[in-house]
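The block underneath contains the structure these notes are about, expressed in structure tokens.
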4 protein chains.
Amino acid sequence: MPKAIKKIGVLTSGGDSPGMNAAIRSVVRTCAYHNVECVGIYRGYEGLIEGDFQLLDARSVRGIINKGGTMLKSARSKEFREKEGRQKAFRKLSEASIDALVIIGGDGSFTGAMIFNEEFDFPVIGIPGTIDNDIVGTSNTLGFDTALNTVVDAIDKIRDTASSHNRLFFVEVMGRDVGHIALNVGIAGGAEEILIPEEDLGLDRLVESLNRSRKSGKTSSIVVVAEGDKIGKNIFELKDYVDQNMEGYDVRVSVLGHMQRGGPPSCFDRVLASRMGVKAVESLLEGKTNYMVGLMNGAMELTPLEMAIKGKTKINLELLRVSDIMST
Amino acid sequence: MPKAIKKIGVLTSGGDSPGMNAAIRSVVRTCAYHNVECVGIYRGYEGLIEGDFQLLDARSVRGIINKGGTMLKSARSKEFREKEGRQKAFRKLSEASIDALVIIGGDGSFTGAMIFNEEFDFPVIGIPGTIDNDIVGTSNTLGFDTALNTVVDAIDKIRDTASSHNRLFFVEVMGRDVGHIALNVGIAGGAEEILIPEEDLGLDRLVESLNRSRKSGKTSSIVVVAEGDKIGKNIFELKDYVDQNMEGYDVRVSVLGHMQRGGPPSCFDRVLASRMGVKAVESLLEGKTNYMVGLMNGAMELTPLEMAIKGKTKINLELLRVSDIMST
Amino acid sequence: MPKAIKKIGVLTSGGDSPGMNAAIRSVVRTCAYHNVECVGIYRGYEGLIEGDFQLLDARSVRGIINKGGTMLKSARSKEFREKEGRQKAFRKLSEASIDALVIIGGDGSFTGAMIFNEEFDFPVIGIPGTIDNDIVGTSNTLGFDTALNTVVDAIDKIRDTASSHNRLFFVEVMGRDVGHIALNVGIAGGAEEILIPEEDLGLDRLVESLNRSRKSGKTSSIVVVAEGDKIGKNIFELKDYVDQNMEGYDVRVSVLGHMQRGGPPSCFDRVLASRMGVKAVESLLEGKTNYMVGLMNGAMELTPLEMAIKGKTKINLELLRVSDIMST
Amino acid sequence: MPKAIKKIGVLTSGGDSPGMNAAIRSVVRTCAYHNVECVGIYRGYEGLIEGDFQLLDARSVRGIINKGGTMLKSARSKEFREKEGRQKAFRKLSEASIDALVIIGGDGSFTGAMIFNEEFDFPVIGIPGTIDNDIVGTSNTLGFDTALNTVVDAIDKIRDTASSHNRLFFVEVMGRDVGHIALNVGIAGGAEEILIPEEDLGLDRLVESLNRSRKSGKTSSIVVVAEGDKIGKNIFELKDYVDQNMEGYDVRVSVLGHMQRGGPPSCFDRVLASRMGVKAVESLLEGKTNYMVGLMNGAMELTPLEMAIKGKTKINLELLRVSDIMST
């Protein structure tokens, strides 16, 4: 029979995403609701190794549900990748009488959590916090919905100036391995083309398609490019190629960058974070470990961490088709 | 064998919602993609009866994906409730050689569509456009997600002034029959209590709960109230009751009203609208009729109109519980 | 020669407004820059009387420049209106060795500050913080610009639904005594009519004007009404009158309420707050007292409190004329 | 005696800015108010040379006051720089019986307007439309206020992620020749340093200042860099230098780019545009020519185009000082 859980630690790890604070708040309040102590661990696994802990009660997470970023800060930790680092972490947890961990982060963070669980039989539950929406076991990662709205708002603004000047804009959005952000904002932003890592359109076909769109009477265009797209070595080379191979377009580049990670979370992400925090804590209290909480068909479900980190979620092919039809 | 469909009409009906324009755009462009003509029908069933039609091509819906409201305008029509009105409508459709209709609206509009289909064997497909999210057969109605963000943004602002003055705010949000908006924005806005039509907390328990929250150290509070809540006859009576039965609170009321229906649709609603428009047109082209398109477990699905209008979707009880835990 | 100032207190009083936090931050950091101690006084004059003080250093105001509301909270104090209350306040200030006060608030707060200065020869400087922009001696009060943007955003949303349904909306905005908000948002929101306390259009002329606008082909209209407008006893009566005396309009009312006070301050208000905080502290250090800082022709200027509280700023008649021409 | 003005042309030229549409609307409606015809000229001086004209009435500018960009489109014209091009333009104006021009644009556009006026004695009035706020004769150019809010919103988002990760961000904002945007958003965004073209801080002092800020306990920093800043050859070199010469910072770059030009104009810019349009048209009707309208000390004033294009407006030194004090 597993030891009763009296004290739960919570940390955020990897790139931050909107909704992480709302998830921390939910973890803390669910602990309070169940009369379990909750400890905030600063700077991810780094703070775990250093014992950078602080007891959190229901009041200490007031006013953070609508704040971007993470009050616990986040970091990447080389030391935690080594056995020795993880041993230090385990020692710190034992000293602080922490019985279980909630890890808010992406697949890298979950891999660490899984190894830690295996080595020390320490209860862990993951909450998927990343704007990339690339984690198996949940239809939405925390922050994805917010990032989509942030990017679409930026594209709307760029559209204003593009259509005032008959320009072609390449807009780079986040997504190193997967095109979820690009595909959604491309449709929502009315992009003429969407370039994603999963599909290599090829430069010739891109130019051909832009020429066709031009001839059909469009005088300005937006092409959404995922960071990890393979079509050019980078977005500036893409611009140069089009500049040299197309006439009559004034081509510009906009790299949206880190603003995509910030801002107040959307309603959806706040509610999702609140649900995930409850599910994570209550799963630990029920003796579950080594799972990730996720949203599946509208309900909170558990997925083994091992499955969550295996591969990336696939692009929805229906969306690709919708995008093609919309740019008719 | 059904007649081949060469020309599709599209109209918006009932209360407007963000995403209706994106859905119109999608219907028009999907028609263009399939070389089918598309006719915009103004002012819902009223314009249908009057023959207020306009041919729409792919270019005529440029620049509307990010606009709130509906370019086709909407109206409620008494005449269409009468057999005679519907006969006029059928005549106008025949004269204009329109073979099928896409109806964007709520359950009232769908009831009309279903009767019209039955009487004249006229192909119809519905797209659920309403901020209330109360239609069976789709996890999200068009505009619901946008409205949630609009309301949460307003609550965040009210929270600023509430916590600067130690005030208790009753914030009324839309939702005459169902509490979906109230429940989600209540969680996302960090409300202390959420009053919905589905649950009658009772005035005594409300006051008791607010007193408890006060004693626990909270100096300001927000109570989200759905329009259709039964606890008081209206929100101003609620305020009066609390004024008379609680001490130390400065109680205020804010009725958010019609701004909840407007604004640029969220990324989610734009993508959903685009998907629904494709599905609606292609379903008609496949000979389907009398269905509503919906989002079910992440995919586009058809639900018979008859089922869509039968009853309202239920509150997610998990969310009620999350709300309770969060206001710990 | 006045006593050298070693410690300055800062408080916010009256209704809160966006930019108050930015002003507090500026007061605190300017004190730090000049090696003067700074004490935050909670809940306005009430906290002053109770000695609810906290030492603030440059770090303690991190992350507040973009927050609405006031971290020092605000209140109205009956006790401070009595001599006895003010004596208590003076005692608390003496005990805490506070040498001077910065008062962030509106004309009511300044009246209190002026009397306090006269009775105890205690140095005070005011910073005009109110969304109403009704204070003589500054072209902009703190929060006015932010409130204008908040209201215009709401009107844009209401316009979406108004024009989808051919409706007439009465939108009530803040401004009990002056029409500055109404006049500006009316022009910016493209309102057909603007009703302000300074001008009584009369119900007949309102109806006449709306009828004219209707005949000229406008199918939806927005009328912006300042809270303090005298044309109807209140906005709901206005609606009833128009309902009974005009045909063909579906008339609705929207009272924007307290959300107008909240939200992150605009860039303008943050810069203004930063400038005012510097000017307030440096004026005290130069031995000035009983002044309000203000923005006059683009520069920071001092106005005697006595003048600042005498009367309200006048409506800009040029704007009234622009509004008339725009609703042509 | 000058010829009576019966028909006025309006065009937008140079980079677009939020508020241009509101200014077009105001020009059109003021013409309608005075029973003068108004002609929209597409694509700036290029459309002027080509005779790309369209008659605009009060209704044709409905629904544009809140749209970014310019419905008349904008362009830069090489041909108009040649005498021959200007002669073509004059011919087109004569053929269309246009008696006067309103030019909405920046100093380049005004130079063209002035030369045109001198060569053909053709009445012109300029409206300053550019986000850079660098034009003499007005305290605000159209779009400046909106751009400030757009940039500050982006910096707030970047701040979320910066402070979650203890990062140093260089954020590049528009402003090739002048630092107005950088200086204002730097203060409003709580930047640790602001690099502007007018002041060369020097790389050594920048590093020194960042080190000082680090030692004082700040764990994340934002440095706002105007496009035209001279400190590095560009912002990426700046990053490299700091990477090589500072320890313990994770340095990132964000180039905000063209989204700064778009979006719905702020309330301030909409009101300013409305006022400027009225003033421009009425000045032409009064026989004035070769002036720019501007906001001076809160009122609409005329400045000879010759003065408006001579030099750029100076940085407000008070703001530089406020910025220094705030980053204490």
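Any Cβ shown, glycine's included, is placed from N, Cα and C.
Small disclaimer: the values here were computed from a predicted structure and weren't measured.
Pulled from TrEMBL, these are the features on record:
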type	residues	note
ACT_SITE	D:Asp132	active site, proton acceptor
BINDING	D:Arg25, D:Ser26, D:Val27, D:Val28, D:Arg29, D:Arg159, D:Gly190, D:Ala191, D:Glu192, D:Lys218, D:Thr219, D:Ser220	ADP binding site
BINDING	D:Asp107	Mg(2+) binding site
BINDING	D:Thr130, D:Ile131, D:Asp132, D:Arg167, D:Met174, D:Gly175, D:Arg176, D:Glu227, D:Arg252, D:His258, D:Met259, D:Gln260, D:Arg261	substrate binding site
DOMAIN	D:7-283	domain 'Phosphofructokinase'
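Features recorded in TrEMBL, as mapped to the structure shown.
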| residue | record | contacts (Cβ under 8 Å, 6+ apart) |
| --- | --- | --- |
| D:Arg25 | ADP binding site | D:Val61, D:Ile64, D:Ile65, D:Ala273, D:Ser274, D:Gly277 |
| D:Val27 | ADP binding site | D:Ile8, D:Val10, D:Cys38, D:Val102, D:Ile127, D:Gly277, D:Ala280, D:Val281 |
| D:Arg29 | ADP binding site | D:Ala58, D:Val61, D:Gly277 |
| D:Asp107 | Mg(2+) binding site | D:Asp134, D:Ile135, D:Ala308, D:Ile309 |
| D:Thr130 | substrate binding site | D:Gly14, D:Gly15, D:Ser17, D:Gly105, D:Gly106, D:Thr141, D:Leu142, D:Gly143, D:Phe144 |
| D:Arg176 | substrate binding site | D:Asp132, D:Pro197, D:Ala226, D:Glu227, D:Gly228 |
| D:Gly190 | ADP binding site | D:Arg159, D:Ile222, D:Met326 |
| D:Glu192 | ADP binding site | D:Ser209, D:Leu210, D:Ser213, D:Lys218, D:Ser221, D:Ile222, D:Val223, D:Ser327 |
| D:Thr219 | ADP binding site | D:Ser163, D:Asn166 |
| D:Arg261 | substrate binding site | D:Gly15, D:Asp16, D:Ser17, D:Pro18, D:Gly68, D:Ile131, D:Gly143, D:Ala147, D:Met174 |
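Those binding-site residues from D:Val27, D:Glu192, D:Arg252, D:Met259, D:Arg261 lying by chain A, with Cβ under 8 Å from one of its Cβ atoms, are D:Arg252, D:Met259, D:Arg261. Overall, the recorded ADP-binding residues D:Arg25, D:Ser26, D:Val27, D:Val28, D:Arg29, D:Arg159, D:Gly190, D:Ala191, D:Glu192, D:Lys218, D:Thr219, D:Ser220 cover a maximum inter-Cα distance of 53 Å.
Long-range Cβ neighbours of D:Met259 (substrate binding site) (same chain, at least 6 residues apart, Cβ-Cβ under 8 Å): D:Thr150, D:Ala154. Those binding-site residues from D:Arg29, D:Asp107, D:Thr130, D:Gly190, D:Thr219 lying by chain C, with Cβ under 8 Å from one of its Cβ atoms, are D:Arg29, D:Gly190. Listed in sequence order, the residues of the same chain lying 6 or more apart from D:Arg252 (substrate binding site) and placing their CB within less than 8 Å of its CB are D:Ala162, D:Arg167, D:Leu168, D:Phe169, D:Phe170, D:Lys239.
Mean pLDDT, taken over the domain 'Phosphofructokinase' (D:7-283), works out to 94 on the 0 to 100 scale.
Comparing the recorded positions D:Asp132, D:Met174 by how many other C-beta atoms lie within 10 angstroms of each C-beta, the top residue is D:Asp132.
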